[in-house]
Amino acid sequence: MSELLDHVASCRLPTEWGVFTMHGFEEANGQEHVALTVGNCSDGNPVLTRIHSECLTGDALFSRKCDCGPQLEAAMRAVQAEGRGIIVYLRQEGRGIGLINKIRAYHLQEQGMDTVEANLALGLPVDARDFRLAQSIYEYLGIRSVKLLTNNPEKIQTLKDAGINVVERIPLHVGENLENERYLQTKADKLGHLMSE
């Protein structure tokens, strides 16, 4: 399919928010990723989309330390309401550092570090994700133009650099609470996330 990913399977996926088609993709190293689609996404019109990085703690365990779970739910609801769209779910836990390192970083955050300081203290990158994987998925699905649900300007730039036309950025401000207030502020202050619109 592309130099980054191969499409390996698709199936129907009924969820709390409606029925999606789930597409499975695999990197050469065996790492798996999925995309959830609704409707005809390859008709040339801009497609509502979210690039979501795996977050076991937020997506599956309902942690209040981040806004990931509420963002995923809001994106799934928005795509269903639109009647067409795609959610790219990249298996890049903990901004790409992995689950165990994320737990280590959480421990350092409990001692007063913010999310960026904790990653650096562990000798890890602040953000190790590769959003080019999303471009490979869009390519397979025939998507060239998107309306992107994101607060992260890096996702926008990566898609533009890959030749995807980002016609609109749609802010995704959900899941704020007292437990993740500092985390969200750090994302704005140190990672450039667009949190105030």
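Here the Cβ of each residue, glycine as well, is placed from N, Cα and C on the backbone.
Swiss-Prot names R50, I51, H52, S53, E54, Q71, E93, G94, R95, T150, K155 as GTP ligands; from the candidate set T21, T115, the record adds T115 to that same site.
Looking at R50 (GTP binding site) and C68 (Zn(2+) binding site), their Cα atoms lie 12 Å from each other. Geometry remark: T150 (GTP binding site) versus R129 (active site, nucleophile), CA distance 15 Å.
Note: E54 (GTP binding site) has non-local neighbours Y89, L90, R91, Q92, E93, i.e. same-chain residues 6+ apart with C-beta under 8 A of its own C-beta.
Ranking the recorded positions R95, D127, R129 by Cα distance from C66 (Zn(2+) binding site) puts R95 first. Taking D127 (active site, proton acceptor) as the reference point, the binding-site residues whose C-alpha atoms are within 10 Å of its C-alpha, out of H52, C55, C68, R95, are R95.
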